[in-house]
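So the structure is just underneath, and the comments pick up after that.
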């Protein structure tokens, strides 16, 4: 798909074409396999619709829940805590969605963070299932709502990018970055992990599944740190260049214009971007916000 300079020169002699023309042919052939903007838009629209709806459903439900304001309430009378119908449907919807992401990940547009996302989906499904079976649904709802808070902003940024509203895309992405870092590196460790690691130990003691439960939650925190680094790096590039650039997790072919410039600067030697151009989650041309 991407022949080196030596191979290009050999083809040039065989076909009596100049190297630039051969590079352009290979680029056009690779671009035929790129996912269409419509397909990426539909993927992001589906996720945006779910994240937006489930987040505000969760906020409305948790606003009147006592454990939303006092996390120690998550452990009072444990495990004899009632499971209301609203709480049940909230859990089942989230579980069904993450199972769908687990399977669709193999058919959706491929991204560089495929392995990280696979681990994330496994940990999430394990946590939702485990907490439901052990009636830890109160603290589980806090974890779910916290994670949904930033996800719909990311999808909104991608939608704006695909629609070519660059300023709106940049604004959504910056807002997403702030919300993500505040919730995942601030609220999550000091609010969620604090109650699962320390308050639960104090109120109900080290129950048998304590280590597994908290191990999965800490795994999520490690993933949060990795993603925060990628977000900060993208934001830094945006400040330097004046607009949001490609997502470091994206893995898509460079645009024709970008590669033409690259080709001329390397005097005919093939040069392709390792990241592609662009979806914090989809994928596009340099200087645009892309996929996860």
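Cβ atoms here come from the backbone N, Cα and C positions, even for glycine.
Among the features that TrEMBL reports, DNA-binding region is placed at 3-37.
Residues or ranges marked as compositional bias 'Low complexity' in TrEMBL: 262-282.
Residues or ranges marked as domain 'Homeobox' in TrEMBL: 1-36.
What TrEMBL records for 39-240 is domain 'TLC'.
Taken from TrEMBL, the feature region 'Disordered' covers 249-292.
Residues annotated as transmembrane segment in TrEMBL: 48-68 (among others).
Per TrEMBL, the feature transmembrane segment maps to 88-107 (among others). Taking Cβ pairs closer than 8 Å, the transmembrane segment (88-107) reaches residues 50, 54, 57-58, 61, 114, 117-118, 121-122, 124-125, 128-129, 132, 137, 140-141, 144 in its own chain, all 6 or more past its ends.
Listed by sequence, the residues of this chain that lie at least six past the ends of the transmembrane segment (114-133) yet keep a Cβ under 8 A from its Cβ atoms are 91, 94-95, 98-99, 101-102, 105, 139-140, 143-144, 209, 212-213, 216-217, 219-220, 223, 226-227, 292. According to TrEMBL, the feature transmembrane segment maps to 114-133 (among others).
Positions annotated as transmembrane segment by TrEMBL: 172-191 (among others).
If you look up TrEMBL, you'll see 211-232 (among others) marked as transmembrane segment.
Looking at the domain 'TLC' (39-240) alone, the prediction's average pLDDT is 88. Taking DSSP states H, G and I as helix and E and B as strand, the domain 'Homeobox' (1-36) has 24 helix, 0 strand, 12 coil.
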